[in-house]
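For reference, the structure discussed in these notes is given below.
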Amino acid sequence: MNKMKNFKRRLSLSVPRPETIEESLTEFTEQFNQLHTQRNEDGRDEPGQLSPGVQYQQRQNQRRFSMEDLNKRLSLPMDIRLPQEFLQKLQLENPGLPKPLTRMSRRASLSDIGFGKLETYVKLDKLGEGTYATVFKGRSKLTENLVALKEIRLEHEEGAPCTAIREVSLLKDLKHANIVTLHDLIHTDRSLTLVFEYLDSDLKQYLDHCGNLMNMHNVKIFMFQLLRGLAYCHRRKILHRDLKPQNLLINERGELKLADFGLARAKSVPTKTYSNEVVTLWYRPPDVLLGSTEYSTPIDMWGVGCILYEMATGKPLFPGSTVKEELHLIFRLLGTPTEESWPGVTSISEFRAYNFPRYLPQPLLSHAPRLDTEGINLLTSLLLYESKSRMSAEAALSHPYFQSLGERVHQLDDTASIFSLKEIQLQKDPGYRGLAFQHPGRGKSRRQSIF
């Protein structure tokens, strides 16, 4: 239990003894009443002095505003169904705006609604299982929406896995349309459950269902969304470190979202030393393969290039089974690196030890003929040996390859979906096998979280 308290403290989730819901509601309603009294003492119009029609309209406006204000103050999803008794206690008909709730009041209120409780969610199907965690498809009793429940087993000797700590600590602060939303966090003595928004598929499954033959327009839309989410992370000094098609989730609308931040890191300076045992082998850059532990955001950009190629061709770019084979595949396509293409490479002991043949670079167009000239240029800019020379996610968003998407895609708010623009729609994939990713009606965004 002490370990769990320490874990919560690290995530800024622990507080002194929280106020009871009655105490927090009293505080909330007192703020309403004080403001109401102050308004009358200041000589402003009271409801009795207004005509019935004006009184009714005023009450309706105040009630609507109060409900919206409550959602904002508690950071609730827009489709939340608050218990009726909870709404009655808040006395939403009172006019005026209270000052913001304290952190303790907010958390007590959230707990009263049902957040942070296992009984709020119903497990439906088991989606997968790993060393530390099992993922279930579930349903929220609060919203009736589907959710993904990532149940992490807590070993009493070790406490919460560091990957879980990283994932929660990073995701609770990331609010972007192309990053999976963490809705809730539930802890017990035996497990830590992360409640995520549910998405129907991932990029690997999408490729499988379209026969590994994607419409090139869809490739562009998915690529832009990947870069949007990644640029948002990189601006906040966060490296994902495990980009691969399986970690790019896709819903029926076609929205692509970065997921699985278990290996992600918040970096303070570009040269900070990290483990080189990160990133699935096929998407691992050559500098990391050769043992480099000093890297920054370019570690993710090599993987982006590999994913672009895979979407365009339907097959992985460098499917090596060992580090040596992976390097061999890279060098055979891009040419064995030299001091000109990769300054300092000859001083890397691992590179000298492998003693690779001297391959000449091959034209990428011959391997990815469906990519146009701009697409090949973007791919080339991502697959550079010298990490600092790779194009950044922010710069890639402005690459001419995306010009056909229009200018408005660059003006969206972080939480706005690219599909909120009527000109952005997926097209039918040539190899379509029956998995529908149709564009549904545009409703309000549900990307809201309690964090």
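Any Cβ shown, glycine's included, is placed from N, Cα and C.
What Swiss-Prot records for Asp242 is active site, proton acceptor, and it gives sequence analysis as the kind of evidence.
According to Swiss-Prot, the ATP binding site annotation covers Leu127, Gly128, Glu129, Gly130, Thr131, Tyr132, Ala133, Thr134, Val135, Lys150. In the three-state DSSP scheme, Glu129 (ATP binding site) is classed as strand. Its own atom aside, the Cβ of Glu129 (ATP binding site) has 11 Cβ atoms within 10 angstroms in the protein chains shown.
Under the heading compositional bias 'Polar residues', Swiss-Prot lists 52-61.
Positions annotated as domain 'Protein kinase' by Swiss-Prot: 121-402. Looking just at the domain 'Protein kinase' (121-402), the mean pLDDT is 88.
Residues or ranges marked as phosphoserine by Swiss-Prot on the basis of a large-scale study or a structure entry: Ser51 (among others).
According to Swiss-Prot, the phosphoserine annotation covers Ser66 (among others), on the basis of a large-scale study or a structure entry.
Taken from Swiss-Prot, the feature phosphoserine applies to Ser109 (among others).
Ser417 (phosphoserine) counts 20 other C-beta atoms within 10 Å of its own C-beta, drawing on all protein chains shown. DSSP assigns Ser417 (phosphoserine) to coil in the three-state reduction, outside any helix or strand. The phosphoserine annotation in Swiss-Prot covers Ser417 (among others) and rests on a large-scale study or a structure entry.
Residues annotated as phosphoserine in Swiss-Prot: Ser420 (among others).
Here Swiss-Prot flags 39-61 as region 'Disordered'.
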| Rounded to an integer, what is the Cα-Cα distance in Å between Leu127 (ATP binding site) and Asp242 (active site, proton acceptor)? | 20
| Taking the Cβ of Ser420 (phosphoserine) as the centre, how many other Cβ atoms fall within a 10 Å radius? | 13
| request: Please name the residue among the binding-site residues Leu127, Ala133, Val135 whose C-beta has the most neighbouring C-beta atoms within 10 angstroms. | output: Ala133
| note | Closest by Cα to Val135 (ATP binding site), out of the recorded positions Asp242, Ser417, Ser420, is Asp242
| C-beta crowding around Asp242 (active site, proton acceptor), within 10 angstroms | 22
| request: Would you mind pulling the DSSP three-state label for Asp242 (active site, proton acceptor)? | output: coil
| task | Select the closest residue to Ser420 (phosphoserine) from the following recorded positions, measuring between CA atoms: Glu129, Ala133, Asp242. | result | Asp242
| request: Measuring Cα to Cα, tell me the gap between Asp242 (active site, proton acceptor) and Ala133 (ATP binding site) in whole angstrom. | output: 17
